[in-house]
């Protein structure tokens, strides 16, 4: 729980001098480090004191509180916007001067350009005054350029910082608020929404500050430019301005259209990613059912729809970019056509002044001004959302402090409360009870009786509508969904208390965590959460309990901590921890484990929020209360718990607090006591994700393009690009040529009296129009082509990747977490669909323009090529040098960002716990520390990019200077048009060159996505789905399974999970498989299904499983999986994805599993779309659907994997009964947690750490007191063990000595068939 920064590097900006600040020299040491090695978090400079999260947040909070009190005086709605403006207006207005200066400079520049060109038009070598003046003009021009370079970046840096401050302050306020929300506020918002505020909404603040000033600077500049143009070329300037003004609404229309396409695409993308998520989550099931094909079709179909939408919006985008590219051409064309048609003569100075002025205003009016409007409206929406959040209800701070004289006590009297004010029925009604120190109050009752709400009342999270709650003493609370926050295990237990070794050891021992710490790699210093290990449900529960015990409070509220752990650990916790360690404290225990009630000093039975009975265990026994019946709800389908039923029955109960974390953590169902490995088959280490560093090879680009189109198309694309750029330049060149001819005509005519030679207007104007039209056409054609090729290649790569994922072995999915695979399908494919083509096109356009500019300059003054070479070298070195560091900075920025979100969401999940322990302050500090760490990275991200940009613009400024003075020195060989062309082009280089470089870096960054997708297109494949050799259609019709010396491991280098397993399972035999967690029960199934290739031989009816295709093998065995998986889609698709069965068969199967009524109630019956992964069915119902699937498949071999570990008893009995009826003629293997389900099997297989220890009939095994199976049965307690032994005995005698039992003859048959199967076994060996 320590704040994140320990050793801080002071920020060099604090004592940097002016020069260093302007040119960002103070960053040089960082770049040196980045050049030598990878940057780490310790290399980042600490945040400037004024940018600390706490300071910024408190400042804005102050203004917001003032605003709240103002709003109360005049009853009006408080406005966050006002608070923000009051807080930041001063510092922001100052930046406005920068904007004014910069935009002013841009407008003044063209005037000096005009003067220089004028000098060339009236060139007279003898006029020394003119030549002196022109040098002065050139100096001013280049100074302006340099000034722009420096000013622009300083301004940008400061406005981005302003945005960052606003964002950080808003986040701080959101977090402060989140820790104070009460339950009514919680009902109005969700964790997702709050995290979304933090991750998406506030990012708008970063952008809005950049453009805000253009709201006034834009129109102002437009006016100034119009005035200047009017002076130059008179009324025809209005024609050009008109085109500009028409382009604005056109662009915004395209933008609107685009966003409507966007939202349609987004819905398709969401569906595709959701389906992908299900496919990857349920990949084991899909492989076991051999359902890959229907899913492949489904995804391909979704993807096709999505791509068609994406192509449309991409074409729109392409048009938009192209329009931006050709807009300036059209404007100039319209202006000069009007100018010439009005009978004026074209001169070079006028042409190029107009061109440059339009260039200056075009960016502001078509790009900055519209984005300013857009960003401001977005920001206002964000502010409104944040404000609504800040106005939600807060908790009233109660105090549990002990008055010195009074004793610790919990006293509740006539308590009534509602979670939801609207509902008529109270959550709790007329409760009264008192608990004193040393007492244990057990609260029991069916699901939804209000047990957790009772604890909430004591915690003051549930305000009373009447009655009173007195709580004296410090409170510790263990939530039903155990809560841990990102950090070390130790910090989770200490929770801000001092570490005292002895006490800590005692607590760890009491909570049975000792063994777990030995398994974790760093013991209790193992990181959990974000970037660390994951704990299983039971471990989390024990850590939460340990936190409470270590806290040494007076009052303990324990919300069912025992149901997440298995029986043995549960007993240890109850005896060691609850009865011994806490015996002097007040303890209120909510529980479902009825065997512990004996120890309670009072028992409180709740039902529907009312108290049914209160008293001690002995009183209850006297009055003859049957606990089991008390726990049942009136309606039948509720879960039931029987007194004799084994404690392994897991109950999921939902309540306010647990709805929260329902999505976030699925408690693991296999909780092995001694080795808590969450799920046994994840012994595969999760490999670190490969992060590509350094350059991206040309090969990636080549593959990327070839995926999208044929060679021919690509060559065409290159040609179209070249032609578009040429016509772009020719159009300007033709203007300058025309102006030169005009002035040449004037001069010659002057010799013979003042007659101006008329140029043929039609000829010049005609060619000019032709060039303009071709520029427009080729510009548009090129952008559409680029999008067509790139979106297609994204489509192709997606399909290849998906195909390759479906054929990957299960091991791949164990090694790579779902998130990582999904990321490829969501983020990386998203980049390739959306951002990459756009960025690529943008880069190509600007790159060609830069080449064009340089080409024109060299063509006019060949000497320029000489200084160009060193400039180019400097640029290339600089870019490489910069990218080394900037990549790391970008990486650090994204890695330091996620802890901010995960911290917030984990605090929201543990809200009650944090408040119960009074830890709000500390969590706020932690949040600020995370924020500051992210600010450090963000600050570097801003400054490093500015550092680079200043240097790039300096290169451009040098280039402009060279062109300007170069043309003056060679004045006698040049005409005005050429100089105008070269200089006006050189001036456009300023912003464009660095944009080009930035886009090139962006393209490279996004190509990483392409590389990552390509990496997944050639994964190792599992065995083919079908071989030449197909098994006979009726196979397997006996269902004999032979394991012959089978070794099995999940990965080549992994440990053996099954060792030398040899066994024979006869036809129609029912075999139970038991063993501790990690004994290899599930691995046996994996070997049978060939989820990974086993060594040794497995025969099914004389056919070796390794010799046939996977689909042929897997389709012939049915499985009822451990986690019932339903897929989004219709019920029909879930039962029968291949449409192989009739409706009648489907309904029959549903009737068998008693789901018919449930499905008939749905609006579309079997064709109703299920919610995401079938979450509108209970776990029990989903399990029944899996059973229905098995019934439909009519296979001879059925495998049941712990299907009953989380189903209530009724469903369990139903499943067992159905299996006995429907699958009497099949071979059935059952992996069991609860022994009562398999005690009547024909044989029992006991596995221990991958070896087959015992394999015989249950009764025979129970006779041997040393057998593992006997020990397992005895662990259940005396009564249970006796009952099981009795059942086993009956079954044994019924089978082997059939008296006059009904199904005697059937059993005899089976034993008659024995010898023949034995012979198979002999030959197999």
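From the backbone N, Cα and C atoms, a Cβ is placed for every residue, glycine too.
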TrEMBL annotation of transmembrane segment - which of the ranges 888-909, 910-931, 976-997, 998-1019 it falls on: 976-997
Residues flagged as transmembrane segment in TrEMBL, choosing from 676-698, 860-882, 1021-1043: 860-882
Residues flagged as transmembrane segment in TrEMBL, choosing from 742-766, 767-791, 792-816: 767-791
Transmembrane segment range according to TrEMBL, out of 321-342, 387-408, 409-430: 321-342
Transmembrane segment according to TrEMBL, located in which of 168-187, 188-207, 208-227, 268-287: 208-227
Close approaches to the transmembrane segment (767-791) from elsewhere in its chain (Cβ under 8 angstroms; 6 or more beyond its ends): 307, 310-311, 314-315, 317-319, 321-322, 325-326, 329-330, 333, 336-337, 704-705, 708-709, 713-714, 716-717, 720-721, 723-724, 727-728, 730-731, 734-735, 738, 832-833, 836-837, 840-841, 844
For the transmembrane segment (208-227): best-contacting stretch of 233-254, 321-342, 835-854, 948-970, 976-997, by Cβ pairs under 8 Å: 233-254
For the transmembrane segment (948-970), sequence-distant contacts whose Cβ falls under 8 Å of one of its Cβ atoms, 6 or more beyond its ends: 23-24, 116, 120, 131, 134-135, 138, 141-142, 145-146, 148-150, 152-153, 857, 860-861, 863-864, 867-868, 871, 874-875, 878, 882, 886, 979, 982-983, 986-987, 989-990, 993-994, 997-998
The transmembrane segment (976-997) and the transmembrane segment (233-254) contact flag, 3+ Cβ pairs under 8 angstroms: no
Region pair the transmembrane segment (835-854) / the transmembrane segment (321-342), three or more CB pairs under 8 Å: yes
Residues from the same chain, set at least six apart from the ends of the transmembrane segment (860-882), whose C-beta lies under 8 A from its own: 31, 35, 854, 944, 947-948, 951-952, 955, 958-959, 962-963, 966-967, 970, 974, 978-979, 981-982, 997, 1000-1001
Same-chain residues at least 6 beyond the ends of the transmembrane segment (348-369) whose Cβ lies under 8 Å from its Cβ atoms: 103, 106-107, 109-111, 113-115, 117-118, 120-121, 211, 214-215, 217-219, 221-222, 225, 228-229, 232-233, 237, 240, 244, 247-248, 251, 324, 327-328, 331-332, 335-336, 732, 735-736, 739-740, 743, 975-977, 979-981, 983-984, 987-988, 991
The domain 'ABC transporter' (410-633) touching the domain 'ABC transporter' (1041-1274) per 3+ Cβ pairs under 8 Å rule: no
